[in-house]
Amino acid sequence: YASSPENNLIPFTALGILLLIIAALLAYAGVRRSLSHAQLFSVLCLTVSALWCGSGLVYILVGQGVLQPTELRSSLVPGLAAFTLALLIIGVVAVLVKKAVICLIAVGISLACAHQIASLSAAGFGQSATAANYLLVCLVGVYFGFGRLLSTITQGKVEPPGTGLKKKAEVKTEQNQGCSDAVSVGLVMNLLSASVLACPLLGVVPKLSTGHVPWLWTAGVFQLGMCILFYRAMDTLAATFYGFTALLKFAEGYSALLSFYSIQPFSPVPFPVVFSVLFFILALFSCQKNLLEGLYQLFFVAYCIAIAAQPQGFFQGGTEGVQAAIFVVSAIMLLITTFNMVSTTMIPTGQGCFKALVNRMQCLTLRAHDKELHAPHLGYSKYADAEVLGHACSVLAAFAITATVGGRNPLSVLILPWVVVAGGALQLLCGSVAFARGKTFESTVFILYGVMWTVWGLTRYGGLYGETRGFNVAVGIISFMLFNCLVTAAALFLNVAWFAYTFTFQLILISFLLDAVGNLPYGYDIGVTIIFGLVSFYCFLAHIFNSTFQSPQIPLGKPLVKLSGVGGGAGVCPHVPARKATSVQQIAEIMKNGGICGMPTDTVYVLVAACNRPDAVVKAYKVKKQAEDRPMSLWISSIKQLEPVRHLLSPLLLDFMEAAWPSSISMVISRGPWMDIFGLGEAAKHIGTPQSIAIRNPDCSVATHLINLVGPIAVTSANPTGEADTTHHNQVYAKLGDKVDGVLCDGPSPENIASTVVDCTKIETGHIGFFRVGLIPKSKVLQIFEEVQRRHRQGRTNPSFEYDLHLPDTQRDLSSGDTIQTYLHTFSFYAKKL
C-alpha cells in the first residue's frame, strides 16, 4: 500500500520510519533464532531486515529532500537487485530442505523486489505484481505466526504444517555447522555492496551517489553485528574477516557521501596495499576452515590492490570490475554455505585439506580448537580473543595517517574512514570484546587508542582541526599521554610485544602534541607511525599464527618486570573434558596422589580432595581460607559406601538417605566413630563442625564416577570464601590459581543454585530442619521425609539393608569398641555374597 500509479498513499518519510521499525524487530528475531540454532529462519530474518533498513533509509532521504524523487530509481535498484538474488537463493535452499513457509516468504519478497525494479524503470509497470507478491508474504506470515502461537499455547500438541522451527535431528546437524547463519548473512552484505559498486560499471545507474550510502552503511552495520556473533561462536578468523569487510563498506559509503558536497574523493595510492597484505594473510589462515573460504577472501586482496592502483578509488572501472566478480562469487558462496548449513548432504568445500597438509609437516603442530578449554586463567567468557582484529586496525590507522593531504580539502582524501572506523570504531569493538573476554589490560589499550584515533582523525582529517593550534588541543593530547604512561607501565608486566606496542604509540602521541603546538620536525610523524604500524603488524601476525599452531610460536617476549601473582596462565594445571572416561581417571590419579581438583556437579563447581589423603584435605582447607560458618562436607557416590557403619546410624536416617539420594540435598548428621572408616585422621577436624557433618550423594554422573574411583571425598565450593559460586570450569583456575592441581571441564553449570542443606541431627525425634533451602524446595524434602516416616510406621525396612536381618544378633549389637571386628564380619559377608 506504499505507492500506487497515481499517488503515494504513505509519505516517504513515514514509510521509511515504518520500515526501520520492522527491520529492527526482524533483526532482533534473527539474532535470537541464531543463538537457538534455527539457522535458515535466522538468515531469512536478518536478510529481510537489511532490505527494509536500506530501503527505509532511502525513502527517508527522499522524504526529507536530501534526494530528489527522480533519484529514487538509481538509489533503490542496486540494493533491490542484490536482495532479489539473495532471497531467491535462500528460497531455493528452503525448497531443497523442505521448508515450505520459509521458501514462500523468501521467494515472495524476491519476486516483489524484481517487480519493484521493473516498476521503477517503467512507471505503472509491475506495481500490481509487486503488491500481489507482498500480499502473499503477508498471508504466509499470518499463517506462520498463528501456527507458532498455537503451538506455544498448546505446548506443541497442535502445530500446523510448516510452522515448526526445528527438530532434534536438525538441531544436531545445524549445531555442527557453528555460526553458519552469520556467514550467510555476511555474504549477503558482500553481495549488496558489490551490486551497488558494480551497477555503475554495467550502466544500470549513472554513478555512485548519495542514494547508495544507506545500502553500503547498512551492509557495514550488519557485518559488524555478524563480527560480534562470530566472536561469540569463538571464530576469530571469521570475525576478523567480516570486521575488515565492514570497514570497506563504511569507506565506500563515505566516498559516495562526498558526492553530496560535490567533493571528488582522492585515495592515497600506496596505503590500500597494506590492507591487501592483511587480507592475504587472513586468507591463508582461513584455509584451515576450508579452501573455498580462503579462495573467496583472495578476491578482496585483488579489490584492495585495485583501490591502490587508481587515485579515485571506488569510482573507477578497475575497482568496480573486481566488485562485479565479487558479486558473482558471493552468490555462489551464499548458495554453498546456506545449503551446507541445513542439509545433511554437503557440497565439498575443501575442508580438512589444510589440516592434512600441516600434519605432513613435522615442524608444525595445529592447535586443538575447543572453545570450552580456552585460557582458563581468564575465567569463563562467551567471546573469543579480539587481538587479531585490534592489531590489524592499528596497522591500518597508522599507515593511513602517513598519507599527506597537501593542498587538498582534508575531507576529499580518503583517510578519515580508515582512521576513524578502523582505528576508532573497530578498536572500541575489540576493546569491548576483550573486556567481556576477561582481558582487562588489552581492553583498556584498545578502548583508549580507539578514542584517541577517533578524536585525532575527526580533528585533523574531518575538517574540525582547521588552523587552530595551540594550548587547547595540546591539553587534551597531554591527558592521553598521561593515561598511556600508565598503560605502558602495566605492559612491563605482560610481555615485550605489548610494551613495544604501547611505547611506540606514546611516540605517536608526542608527534600529535608537537603538531598541535606547531613544532613538529619534518618526517618525525611519518617515521614513528611507520614504526608503530610495523610493531602492530608483528603483533597481528603473532596472534593469528599462535592461535592456529601449537608449535612453533612466534615469540611475544617475556614480562620485563615480574611480581608474585602477576602474569597468570603461564603454567596452567590440566583442564580435561568431563565427557571422557580417561579424563575422569586422570583427575582420579591426581587426587590419589594428594592433589585437589575442581569438579562439576549437579549444581555449581566444587573443590574436592580424597578423604583417604588427609594431606590433600588440609591443603584444600588452606586454599579456601575456609570460614568457620562454611565447613567442608563429605560426599559419597552411593549409600552402599556407608554399609560398613550402618549399625552406627539411625535406620530412619538410612531410609531417608535412600529415598532422597542421589540429589542436590545435603544432610547434616551427628559426628561419631563412623567417620573413622574414611581414613581422614587428623584432617577430620576440617570437615563439618565439632558436633555435626554434612554428607551428600550428588545427582551427577561425572561426580559419582570420580568418587567411585577415589572413594569418599571432602568437598568445598570452588571459590574464595565470601565470593560468588563458581559456575564454569574456567572460573575455578581464575579464582584459585595454581593451587588447584586439575579441573574437570563441563562448561557452564546446569544450575546456579547451591544444594538444599537439611538438619538431620534430631531425626529420631521425627523432626528435620533446614539450614539452607537451595535447588530442592523445602516442600519436596518434607514430602520425601513424610513418606519415609509412613513406611517406618508400617514396619517396612530399607531394601538396601535387608541382609542385616540375616546377620547374627551378636554382630548387630556390637559396641563401639568392637568396630574393627564389625568391619571384618561385614567384608566377610560381602565376599560370600559375591
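Numbers here mean position along the shown chain, with the first residue as 1.
Positions of Cβ are set from backbone N, Cα and C atoms, glycine also.
Record features, source TrEMBL:
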TRANSMEM  43-62  transmembrane segment
TRANSMEM  74-97  transmembrane segment
TRANSMEM  104-125  transmembrane segment
TRANSMEM  131-150  transmembrane segment
TRANSMEM  215-234  transmembrane segment
TRANSMEM  241-263  transmembrane segment
TRANSMEM  269-287  transmembrane segment
TRANSMEM  321-342  transmembrane segment
TRANSMEM  413-435  transmembrane segment
TRANSMEM  441-459  transmembrane segment
TRANSMEM  498-517  transmembrane segment
TRANSMEM  524-545  transmembrane segment
DOMAIN    581-776  domain 'YrdC-like'
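Remark: the transmembrane segment (43-62) contacts the transmembrane segment (215-234), by the rule of 3 or more CB pairs under 8 A.
The average pLDDT computed for the domain 'YrdC-like' (581-776) is 85.
Residues of the same chain lying 6 or more positions beyond the ends of the transmembrane segment (413-435) and with a Cβ under 8 Å from any Cβ of it are 224, 227-228, 231, 243, 246-247, 250-251, 254-255, 265-268, 271, 313, 383-387, 389-390, 393-394, 396-398, 400-401, 403, 405, 442-447, 449-451, 453-454, 456-458, 461-462.
Here the listed stretches are 104-125, 441-459, 524-545, and the one with the most C-beta pairs under 8 angstroms to the transmembrane segment (131-150) is 104-125. Tertiary neighbourhood of the transmembrane segment (524-545): same-chain residues 236-237, 240, 274, 278, 281-282, 285, 385, 387-388, 391-392, 394-395, 398-399, 401-402, 497-498, 500-501, 504-505, 507-508, 510-511, 514-515, 553-556, selected by CB-CB distance under 8 Å and a gap of 6+ residues from either end.
Long-range contacts of the transmembrane segment (104-125) within its own chain (CB-CB distance under 8 A, at least 6 residues past either end) are made by residues 5, 44, 48, 51, 72-73, 76-77, 80-81, 83-88, 90-91, 94, 133-134, 136-137, 140-141, 144.
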